[in-house]
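Here's the structure we're looking at; comments come further down.
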Amino acid sequence: MSTPSLLILPGDGIGPEVMTEVRKVIDWFGAKRDLAFDVSEDLVGGAAYDKHGVPLHDDTMARAQEVDAVLLGAVGGPKYDELDFSVKPERGLLRLRKEMDLFANLRPAQCFDALADFSSLKKDVVAGLDIMIVRELTSGVYFGEPRGIFEEGNERVGINTQRYTESEIERAARAAFELAMRRNKKVCSMEKANVMESGILWREVATRVGKDYPEVELSHMYADNGAMQLVRAPKQFDVILTDNLFGDILSDCAAMLTGSLGMLPSASLGAPMANGRPKALYEPVHGSAPDIAGQGKANPIACILSFAMALRYSFDQGDEATRLENAIEAVLASGARTADLMGPEGGTPLSTAEMGDKVIEALDQSL
Ligand code: NAI
Ligand code: MG
């Protein structure tokens, strides 16, 4: 098989800073695990706007369509706040998601033991937590028609439409069941079938898809109850399947169970390509963090964990992904912390580069 290809788009703000640390990790896997990647790098967001006047050049878009996986840092920043909506940095990211048709957004919420004190919840509620939210990303109320602000009588009305076709629900559901097969074989599907027809259809289709996965235990929950259960007893879940709107909220809610934004990776997957690999974009959940950009303070772990997801979901290297996650667990257990992970007791935080070096040391230890 040919060398797997990876397109790196560092973006803006802390994006390039955290990506430098990911490059160290990628190089380590090449040198020590014989895992070579054909890596190319390009511009996205404000960085692309500065050079090309658009937040994503057509050539970059074309390259993203060809590669096995895209790894993105972050886009945006105050410098670009006044730009026209059509060329805002965020449009570059949205274009990637849309044209690659990345319909399944995977948001893990995993609690590293060393950080359990960081959660807003009690330690025993979150210690060992490892759940995965699959959010449908390309349809639903953010895209449904009709939409807009219209005149109605003598006032205006704002309209958005929650709209899901069976095939849109089906492919998101399949992504969730496939994941569950690789994990703990449990899917909880969340909607509001009690008050929304789109929810009734969602439940029906999820149930039908579930028949293809008899080993997976499927349950259904109303999304509002799901939110309650996520903060009451999150460990009851393995894979959560939900739509775009509920997934937006539930994944942010689950994310905070685990502490810092600097720790959270994500993957967005599309349909399989000719080589069987899904179209894929990996990125940390955080943004460009202008308040700390350029200061060497950013936590690179979210972006490094995003690469671990790429190893697992794009490159069939689940064992190496686990090796990387375990290395990060070991680094945290040793007490190493970037500034965002410092408790009130203080101490001296590591810089972005120092944290990257710690991860490399832990990887060396793993051999
Ligand atoms: P943000 O995620 O950039 O920052 C929120 C807070 O978390 C800040 O205090 C920041 O310092 C901290 N933080 C974020 N990542 C961190 C890391 N790795 N290590 C340590 N601390 C970290 O969100 P914010 O401030 O709302 O947005 C800033 C810019 O980023 C905006 O232009 C926004 O549009 C853009 N953005 C881009 C996203 C993306 O590229 N996917 C996602 C969210 C925001
Ligand atoms: Mg959100």
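Each residue's number is its place along the chain shown, starting with 1.
A Cβ is built for glycine as well, from the same backbone N, Cα and C atoms used for every other residue.
Note that TrEMBL annotation is computational and uncurated.
Here is what TrEMBL says about this protein:
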type    : residues              : note
BINDING : 77-90, 287-299        : NAD(+) binding site
BINDING : R97, R107, R135, D224 : substrate binding site
BINDING : D224, D248, D252      : Mg(2+) binding site
DOMAIN  : 5-359                 : domain 'Isopropylmalate dehydrogenase-like'
SITE    : Y142                  : site 'Important for catalysis'
SITE    : K192                  : site 'Important for catalysis'
Filtering G77, P89, K192, D248, A289 (recorded positions) by proximity to ligand 2: which pass a Cβ cutoff of under 6 Å to any of its atoms?
D248
Distance, A293 (NAD(+) binding site) to R97 (substrate binding site) (CA atoms, angstrom):
25
Among the binding-site residues G77, P89, whose Cβ has the fewest other Cβ atoms within 10 Å?
G77
Sequence gap of 6 or more, Cβ distance under 8 Å: name the residues on the same chain that satisfy this around D224 (substrate binding site), in order along the sequence.
K192
Protein Cβ atoms within 10 Å of D252 (Mg(2+) binding site), excluding its own:
15
So which of the binding-site residues G77, R107, R135, A289 sit close to ligand 1, that is, with a CB under 6 Å from an atom of it?
G77, A289
List the recorded positions among G77, Y142, D252, A293, K297 whose C-alpha is within 10 Å of the C-alpha of R107 (substrate binding site), in sequence order, or say none.
D252
Distance, R135 (substrate binding site) to A289 (NAD(+) binding site) (CA atoms, angstrom):
24
